[in-house]
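Chemist: Okay, here's the structure, questions in a sec.
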Amino acid sequence: MSNASSAHEEPTASGSGSGSSSSSSDGGHLTPLKPSSGNFMESFMASIGSERECEEFAFQLLASLPRSHLATIRRRIAPLLQFDLVGSLPIELALQVFSHLTAQTLWTCALVNRRWRTLADDPALWKALCDERGWVWKDSANANGFEANRTLQIGSEPWDDSDDEGMGASDEEDEEEGEATTTSVLSEVEKAKIMLTQMHAELDSGFASMSTAGGSSFLGNLSFTSPSTPSGSGSNSNNATHLPARPTIFHPAGTFPAHNPEPSICEPNYKLLYQTHIRLYNRFVSSSYRLRILPKRGRERFSNAHTNTIYCLQLYTYPSGKQVLFTGSRDRTVREWNLQTEMVERVISGVHESSVLSICVHNGFLASAGSDRRVAVWDLTRDRLVKVICDHDDSVLCVRFDDERLVSCSKDRTVRTYTFPDLIPQFVLGAHRAAVNAVSISKSLIVSASGDRSIRLWDTRTGTLLQTFENHHSRGIASIDFKPPFVLSGSSDKHLRFFDVTSLKGWSTSPELHYEGNTAADAAPPLPLPTLDSNWINLMMCQACGCLNSVNTMEGGTCDAVGLGASAVRAGPATASSANNCAPHRDLVRSVALGEHFVLSGSYDLSIKVWDRNTGALVANLKGGHTGRIFCIGFDCAKIVSCGEDQRICIWDFSHGIDTSFIQLQ
């Protein structure tokens, strides 16, 4: 009995690791071990026969199940019916496929699975997208550096500028001169903007909206010599003055050198770069900005600010990556502002005997023009005056230059050109019938705008008049910007005009304007009044996750809110009606600026308007910064700057709370 018992128990003991769990409860009989599912299915399929028979068997099996079970099985089978063709390709081929996709599509692809997300986030794809837009990752090596605080001074003489406003009268009416209309001070109210994405502190970086990219160097003092000027040049060597530089260096009270922190990200992240640009674009559309006013209230004396009307300004970025703001004023000085410390770091004074009406900064040089009929060129690197030109017979209203030439225009109805950096006179362009209020230069082309209501296109190499656009506005033209082939103009008729000089296609804020005269523009129909197309769709990015969505830009609306104080935050309400009605300015359009996506206009009506470049639709209407007439505006992708009669510099900052330290602006 004992032997039998032990014999009976032996299999159980020896098989306790695997067989005990498989034995039945009735008498301890063992059942066959369950084979693996893979081997079982293979054996089962082989026992059935052909694939056709397997298919029929599966159908019969499914047909016998309840409907609720079929729905569950359908969901489980669905992934088996899909095939990831792109995911199965080698990485090189998959990236080649993805390289043809838009940014919005790449964001969608990243949601498919991990494989697609890895492909969609590839830096090479985002670098290509940034390159298409001209968006460059700023080199961290150039993130630091500062310019010493200094003042350049040369003896000055009094000059009567009591009637100067920086713009000539038209051939049909004189511009009325006005005094500062108000001395009221807006209260300072701080409003916090709740950000869904916490990023690093603001670091401004930008470009001069009216400068021309490029580079050249200038060594040594330049003396003026009388060249054999081409026909048409009326310059006289006796009218040019070359003054030796005797700069004095000092640090104004309350100022200190700027320090730009290193970018928080060392390695280029082109997806982040693209996201940041789109985010800034969306802030322009939604009018989400923080308003800063320079000089700050109560700090005017310590900031070394202007003491009279500010007529002109320009953003400028040094090769080190540091961005500054230059301003010119009726107090006869040009001042350089550190946008981080909000203090004046350099004062250029003593050369102009009257108001500084226009400035242009490019490649380490600054040119200033004034109502004293002078054009002065400064070497910012060496802190010295290069030359003073006195060829015009009346106030010089605008000056522009690039790597090859300098162009100035005047109330004396002429445009004068000079080689650069030699500053040798070239041509005197005298076709206008009234004061030439503005010029813009681009390589071999010059565009001039006058109080005679015309715009003229010139060849800089020969001085030839290429085309005339007569009666371009119903009144004198006050401002112009030119990026071939597009021209943007503002006028005392309160309207803007944007058009292509090759096709004459464009838009205007006035439906009544049309071309007349003896040019090819005669047969051109009136330019259309801009309206907001219901299909006008732009990329809008989620503030939380950074994904792009197609959103009607009318949801962004315009901003009629008044910015209160130096740090007020405003997000414009949705006001589609104002965009559809175009809401033109109510007074003279004194300054215009042409950008990649937007065009801007500043007016005597105390407002700055942002327009869509392609459609002419009103994107934003910025008010509340100025208490006097606006004389000049400039902008980059992160901010708008403006100045005017109230001696204020307003910075409409759209990058608040966003790390922009890696954005290279040109």
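Placement of Cβ uses the backbone N, Cα and C atoms for every residue, glycine included.
Those TrEMBL annotations? Automatic predictions, nothing curated.
From TrEMBL, for reference:
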{"type": "REGION", "residues": "1-36", "note": "region 'Disordered'"}
{"type": "COMPBIAS", "residues": "19-28", "note": "compositional bias 'Low complexity'"}
{"type": "DOMAIN", "residues": "83-129", "note": "domain 'F-box'"}
{"type": "REGION", "residues": "149-186", "note": "region 'Disordered'"}
{"type": "COMPBIAS", "residues": "158-179", "note": "compositional bias 'Acidic residues'"}
{"type": "REPEAT", "residues": "303-347", "note": "repeat 'WD'"}
{"type": "REPEAT", "residues": "349-388", "note": "repeat 'WD'"}
{"type": "REPEAT", "residues": "429-468", "note": "repeat 'WD'"}
{"type": "REPEAT", "residues": "582-621", "note": "repeat 'WD'"}
Chemist: As a test of reading the model: what is the averaged pLDDT for the repeat 'WD' (429-468)?
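Modeler: So the average pLDDT across the repeat 'WD' (429-468) works out to 97.
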Chemist: Please spell out the DSSP helix, strand and coil residue counts for the repeat 'WD' (303-347).
Modeler: 1 helix, 25 strand, 19 coil
Chemist: By DSSP, what is the split of the repeat 'WD' (429-468) into helix, strand and coil residues?
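Modeler: The breakdown for the repeat 'WD' (429-468) reads 0 helix, 23 strand, 17 coil.
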